[in-house]
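Visitor: Heads up, here are the entries from TrEMBL:
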- B:6-24: transmembrane segment (TRANSMEM)
- B:36-57: transmembrane segment (TRANSMEM)
- B:63-81: transmembrane segment (TRANSMEM)
- B:93-116: transmembrane segment (TRANSMEM)
- B:122-143: transmembrane segment (TRANSMEM)
- B:191-209: transmembrane segment (TRANSMEM)
- B:215-240: transmembrane segment (TRANSMEM)
Amino acid sequence: MPRAAGGGAVLAMPASRWGTTLRESVRHRVSRGARLMSRTQGGSGVAEEHAFAIDEVVLRRGDTTVLDRVSLRVPVGRCTALVGRSGSGKSTLLRVLTRLAEPDSGAVYYRGVPVAEWDVLELRRRVQLVAQNPVLLAGTAAEEVAVGAGALGEERIAELLGRVGLDAGLAGRETAALSGGEAQRLALARSLALEPDVLLLDEPTAALDSESATAIENAVRSLVRNNVTVLLVSHATEQVRRIADHAAVLVAGRVADSGPPGELTYLEETA
Amino acid sequence: MNGTELGWLEVGTSVLLVAVAVLVAAHQRLGLSKDVLLAAVRAFVQLVAVGMVLVVIFEHGGALGALGWVVLMVVIAGQVAGRRGKGVPRAKIIATVSVASGAGVALAVLLLLDVFPGRPSVIVPIGGMIVANSMQAVGLVLLRLAEHVDDSRAEIEARLSLGMDSAEAFGPHRRSAARAALLPAIDATKVVGLISLPGAMTGLILAGVDPLTAIRYQIVVMYMILGAAALAAAVAVHLGQRRLFDQAQRLRV
């Protein structure tokens, strides 16, 4: 995982010291967090203003507490970044949102309705999870774009490829022959084919060439402009600053800090 | 049976061949002499015991006693095949139900349509062949299902994430498991008589039955094995998938 050497040294601190630091930090940031919430909630204080409202979610795997009372608001039509070291529970949180994983306790609301009350297939179509290393499922790029949405016309396929910065001429290519960056962008395109309201992106540009990374960032920005909600798991501090409106830092399964990316001191240490 | 009647004296004579095996093992210092003897004794004891049980069932058990024996075989087969499915929840129950379905339907068809008479001496060996082959198919299904979940979790979850239900998301793996389970029975059926002279036919010929009668039995045996294995595999695939996914259309394991 790419991360600054200095950050690694900070993270190697014993858990007890972390605890103290976090408590202090959280206390001093609470007021700013509340201010941010009220802005995105429009002052009404109800969860409908958010795509996702996550309350006190706990998920244990064996003896490990993967998510430790995580609370988070994901505002509609914005890009929220979730940062933290690998193993801090970011990917698991994304899986909880689409019910691929079930929390042991806590509540998750999508559009103000508990996720368990949604038809799970509809929830997953509206909320597209793009995995960190997406597996391509079809023979050709065109079939791949249509694998979830069903039959799509040539024009629509070309348009979707264009939105992730891929050439329409790629449509006939064998998916097995694509580069990692092309595969990642194709996976995003097959999700966009479903016209989701929310995109959950798990490290979408990790280990990608800069052209692919830029194409994905551009696609994300354009989606957010069109009122699509994006929750982005990322290690790349610069990327988070470029495209996220809001960031939350997960440390050992807990939200240690949250706010506008520019104000988060934890960003450097964890990314 | 008017063929070569094999008596206990002849069995005793065949012990000579065990002695050959022991001598070979000793001469080559394989360290296996004791194992050879033990295996020979075990085979003797097990077969004599089973023979005596079968005598009792054939003479006093009637069709019901024979079916009871088949049920016992199904239970044992369910345990054996279920052990293959580590990683599939409730694999042993799935295996038992699947073997029972395949064997039950095949046996019912054969007996109710009068292909075979409902005598204990028919039900027990026919049932045994059906159960053994269903067990093999079900064991392969469960093994493959568990492997697919291990190896293809990312692929399965990619399909689920695109809004497919579990049946659709698991479809390719379900079909692959069913294919793998049926290939042995299909291959055996293809080459029967050419490469292998199967046990049922060999036994009948040894017992003095005319070869044309023996092959008629063998044809029925092959067809019933195909049918029973296919049905057992289909049930195992269906139940296995249902146990692998929960109501929220996600992998349970």
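Keep in mind that glycine also has a Cβ here, set from the backbone N, Cα and C atoms.
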Visitor: Run the contact check on the transmembrane segment (B:63-81) against the transmembrane segment (B:6-24): 3 or more C-beta pairs under 8 Å, excluding pairs closer than 6 in sequence.
Guide: no
Visitor: Six or more residues out from either end of the transmembrane segment (B:122-143), which same-chain residues have a Cβ under 8 Å from its Cβ atoms?
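Guide: Distal contacts: 54, 57-58, 63, 66-67, 69-70, 73-74, 77-78, 80-85, 88, 91, 94-95, 98-99, 102-103, 106-107, 110-111, 116, 177-178, 180-182, 184-185, 200, 221, 224-225, 228-233, 236-237, 240.
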Visitor: So which residues does the transmembrane segment (B:93-116) touch in its own chain, when a touch means Cβ under 8 Å and the partner is 6 or more beyond its ends?
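Guide: For the transmembrane segment (B:93-116), the nonlocal Cβ contacts are 70, 74-75, 77-82, 84-85, 122-123, 126-127, 130-131, 134-135, 137-139, 141-142, 220, 224, 227-233, 235-236, 239-240, 243.
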